[in-house]
Amino acid sequence: FPPAVFPLSCVVQNYAWGKVGLESEVAKLVASGDPLVQIQPDQPYAELWMGAHPRGDALIRDNRIPQKTLGQWITDNPACLGAKVKDAFQGHLPFLFKVLSVNTALSVQAHPNKELAAKLHAQFPEHYPDANHKPELAVALTRFEGMCGFRPVEEIVSFLQNVPELRALIGEVAAEQLERSGSDAPRGVSAALRVCFTRLMKSEKKFFVDQLNMLVKRISQEAAEGKDTSGSNGDLLLRLHSQYPGDIGCFTIYFLNLVRLEPGEAMFLGANEPHAYLHGDCVEIMACSDNTVRAGLTPKFIDVLTLCEMLNYTPAPSSSKIFPAVQSQLDPHVYLYDPPVPDFTIMRIEIPASIKLYLISAMDSASILLVIQGTAVGTSTAAASEMSLHRGSVLFISANESISLHLSSPDGMLLFRACCLL
């Protein structure tokens, strides 16, 4: 039998927003995973792609396996996905697993549902490369900041009253409508919110650049005088403006929740949820798709009309955006992040130092295992030989295969395992 459990060498994406050199968790993991890799101190290391995506197909690090990449191997051995997964996802690995190291903000964006994805792909294939949805789940590795979902209306109204430059862009009629909507049914609130956000995003370039410059100047002066600028969300505004001067995305901070995650906390981004990652390191899992509708904080193609039409305009507090992990009933060392989509699940596995032998259990799904800390020797009847596991190691585990870990680190292990629990 060919080995069904094997180590992977994964693709790094050097996007400009990534953390630089060894400040990046991605770079640190890659350097630990393969001591021969040279980390360039001035190069951004933004994303590590662990999966079989055509633009970042992982290499197989086992010379007994004739296939060079994970994608080729799955194509030749589709049963490795597990029977249910293979049938449900037409012989493809349904998820892409990543590590992200964010230094400057990513664009304000949302991902379409399947219906909209099919339509956008048919109309504009150059911007929307496939017909799939792209839900995402991010689990913080370090303190992580992002914007996600619309704020409660009273917070937005408070900004409309404290930030005259924002009110000028939205206009008096729309602003008053939102202020009065507090007593309406939720549909009325969402409608008023949609009008305000759309007016902001479609405002005339010269007008919003003037207003933004006025706002930045005013807040810089107030900050210099030692005044409290939190009523205008001053710190974040100045930070984003320094990263993307003159960008309409700077104003989205008045509409979207700021979500701060501690390590191990997660946020789930369903279809049509506006979001932008701001800073920090996380593991992320997503459905296999590249469909992103962008509208600010980016030099890339932006599609304001589509974004404003598709968004979920349901206001909610930032605390509601934190997605809970549930301790596994079968194994107290496993915490499950199981979102309301069939495509993927993440497991966080924390093995204390007192445990010297641990079983990574078999499941009816292919999975990818990432070592964040700790060392062990892994053995499996499905592996060609024993495998040395340490920080940065990535393993592919075929469905229905297990691995015994013989731990050798004084401080236990932290692992993340990506899979599909149908």
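Glycine residues also receive a Cβ, built from the backbone N, Cα and C atoms like all the rest.
Note that the coordinates shown come from a computational prediction; the quantities given were computed from them, not determined experimentally.
Features of the protein shown, as given by TrEMBL:
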- 5-153: domain 'Phosphomannose isomerase type I catalytic' (DOMAIN)
- Q109, H111, E136, H275: Zn(2+) binding site (BINDING)
- 169-256: domain 'Phosphomannose isomerase type I helical insertion' (DOMAIN)
- R294: active site (ACT_SITE)
- 336-376: domain 'Phosphomannose isomerase type I C-terminal' (DOMAIN)
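Features recorded in TrEMBL, as mapped to the structure shown.
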{"residue": "Q109", "record": "Zn(2+) binding site", "Cβ neighbours (10 Å)": "25"}
{"residue": "H111", "record": "Zn(2+) binding site", "Cβ neighbours (10 Å)": "25"}
{"residue": "E136", "record": "Zn(2+) binding site", "Cβ neighbours (10 Å)": "22"}
{"residue": "H275", "record": "Zn(2+) binding site", "Cβ neighbours (10 Å)": "23"}
{"residue": "R294", "record": "active site", "Cβ neighbours (10 Å)": "22"}
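Away from its own ends, the domain 'Phosphomannose isomerase type I C-terminal' (336-376) comes close to residues 8, 29, 50-51, 74, 80-85, 88-89, 93-95, 97, 99, 133, 135, 137, 139, 141, 264, 266, 268, 270, 283, 285-288, 323, 325-328, 330, 388-422 of its chain (Cβ-Cβ under 8 Å, at least six residues beyond either end).
For the recorded Zn(2+) site, residues Q109, H111, E136, H275 set the reference point as the centre of their Cβ atoms, and the other residues of that chain within 8 Å of it by Cβ are A110, K134, L269, E273, P274, T292.
Here the domain 'Phosphomannose isomerase type I C-terminal' (336-376) has, by DSSP, the following mix of helix, strand and coil residues: 0 helix, 21 strand, 20 coil. Cα separation, H275 (Zn(2+) binding site) to R294 (active site), rounded: 10 Å.
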